[in-house]
Amino acid sequence: MYLSPDCFLCAFGAAMGLHLIHSVSLLLLSFLCCCWSEAPRNGSTPNIIIMLMDDMGWGDLGVFGQPSKETPNLDRMAAEGMVFPNFYTANPLCSPSRASLLTGRLPVRNGFYTTNAHARNAYTPQEIVGGISDEEILLPQMLKKMGYVNKIVGKWHLGHRPHHLPLEHGFDQWFGAPNCHFGPYNSSVRPNIPVYNNSQMVGRYYEEFGINKKSGQSNLTQIYLQEGLEFLRAQASAQSPFFLYWAADATHAPVYASKRFLGKSQRGRYGDAVMELDDSVGVILEELKRLGIAKETFVFFTSDNGAAVMSGPNQSGSNGPFLCGKETTFEGGMREPAIAWWPGRIPAGKVSHQLGSVMDLFTTSLALAGLAAPDDRFIDGLDLTPVLLNNSLINRPIFYYRGNEMMAVRVGQYKAHYWTWSNSWEEFNQGINFCPGQEVADVTTHEQKEHTMQPIIFHLGRDPGEKYPISVLSAEYQAVLRQISPVVKQHRSGLVPGVPQLNMCDLAVMNWAPAGCERLGQCHKAPKSQPWKCDWPH
């Protein structure tokens, strides 16, 4: 299904008003004037594709108001599917967010947090000792019960030691890397990150898999695209249900794009990366149609956390009207772009105002596969199939966690902050700013401030940028507090934290000698083990 250029421009223009949520509706209605929708069918267990971007912001897509015209394929996907303008990550940082997606549980439950300090973001650099716990049940492990073939392409980020890798946690195939693409490094001090094909490394970033930090050129997105396409073709031929977790990372600093896309966007290198990812999404959706399995495949597109606005304009994206970005529990750090697509099953051109979470993808995927969620643990994710198929609404809160602390909660249109913190004065004075140009007095604080006795409350419909707290003296404030307080009390009383996995670091556990390094002559000698408590500054 294609849109004419005139139709797209007309629809895109409709989206550029001041009221963004209303604009999303206008955009999709405009699209539908030019589009047809496929007839629904009653099918068997669907294939599942989750496309998880890295540090891509809510405001990076045209359908959410981005004027740079970088995402025609994602905008078309939105017109053919359902948009979620109120969709959230479970943590404003990569590793905990990904752990929550695959387990359906908050990081504080699945262990992807630290107790080394209060309310600190923690993740899995290559010196981390921990990773995803064997006690956790991941989505691909469950899908295997229904005969699914599971593949991850791209970034894993749930631990790089052998027992933490994807093939030990339900995935049948993997092409990608266990860590971020930071580097290049001097291998005598710190090894470059390995790239795996299934259980064996096939090279390292900045070596066999080049990333030119000066020019921003890398073919990694094209490699990840081809890996995804080959998997789709193989499974279509085998006629077996599949789960593809496509986790490309080009929009994470250092941002990269292939030669064909460099210099093509209006937003520098970051925009180039967005254009290439958008093109890849379009290719994948078209391939599903070509293979004749589009009506049998549920596809969901989102991001792991908000845009990393502290990285600067060429290395980060847009969080739209929202406050701050990655690492913070303000809206810019937690609210994500989200699109669901399933021709013939999900009605085209819909905007759902459901409060959604990446954790819902766990429970929803299980429901689509005909499976119940595990009943021996608390699952935070909801089954969104009534929302997807019938455009229903489910009443639920959204909890905003940073490390071991619940910082805020959203109920309906209201958000109450129980703690505020952007980043420390020390970092801020060094030029590291998580909220550049967006300082809000007594809100974007550079010291951890507790507001438990008198939460700071915003109405996100009227004030999406969290700039104007509701007066504590108002009747509205008192009414909202009476509504939210029991929700918070119930959540806290029933919370049983998991064993923290992100407390200990050790240089000896880095990627010195991954499986397959002998064949490539890339094994390096590890230093003596000297573990220490990881320092998480923010």
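Just so it is clear, glycine is given a Cβ too, placed from its N, Cα and C backbone atoms.
Automated prediction, rather than curation, is the source of TrEMBL annotations.
Quick look at what TrEMBL lists:
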- 1-37: signal peptide (SIGNAL)
- 46-370: domain 'Sulfatase N-terminal' (DOMAIN)
- ASP54, ASP55, CYS94, ASP304, ASN305: Ca(2+) binding site (BINDING)
- CYS94: 3-oxoalanine (Cys) (MOD_RES)
- CYS94: active site, nucleophile (ACT_SITE)
- HIS157: active site (ACT_SITE)
- ASN219: N-linked glycosylation site (CARBOHYD)
I'd like to know the mean pLDDT over the domain 'Sulfatase N-terminal' (46-370). 98
When you put the residue listed as 'active site' at the centre and draw a 10 Å sphere around its Cα, which of the recorded positions CYS94, ASN219, ASN305 have their Cα inside it? CYS94
Can you name the residues of this chain that are 6 or more positions from ASN219 (N-linked glycosylation site) yet have a C-beta less than 8 Å from its C-beta? GLY210, SER258
Taking the binding-site residues one at a time (ASP55, CYS94, ASN305), which has its Cβ surrounded by the most other Cβ atoms within 10 Å? ASN305
Suppose we draw a 10 Å sphere around the Cβ of ASP54 (Ca(2+) binding site). How many other Cβ atoms does it contain, all chains included? 26
For ASP304 (Ca(2+) binding site), the same-chain residues 6+ apart in sequence with C-beta under 8 angstroms from its C-beta are LEU52, MET53, ASP54, ASP55, THR89, CYS94, SER97, ARG98, LEU101, GLU336, VAL358
Taking the mean position of the Cβ atoms of ASP54, ASP55, CYS94, ASP304, ASN305 as the Ca(2+) site, which residues outside that list, in the same chain, have a Cβ no more than 8 Å away, listed in sequence order? MET53, MET56, LEU93, SER97, ASP249, HIS252, SER303, ALA308, LYS326
Return the count of C-beta atoms lying within 10 angstroms of the C-beta of HIS157 (active site), excluding that atom itself. 28
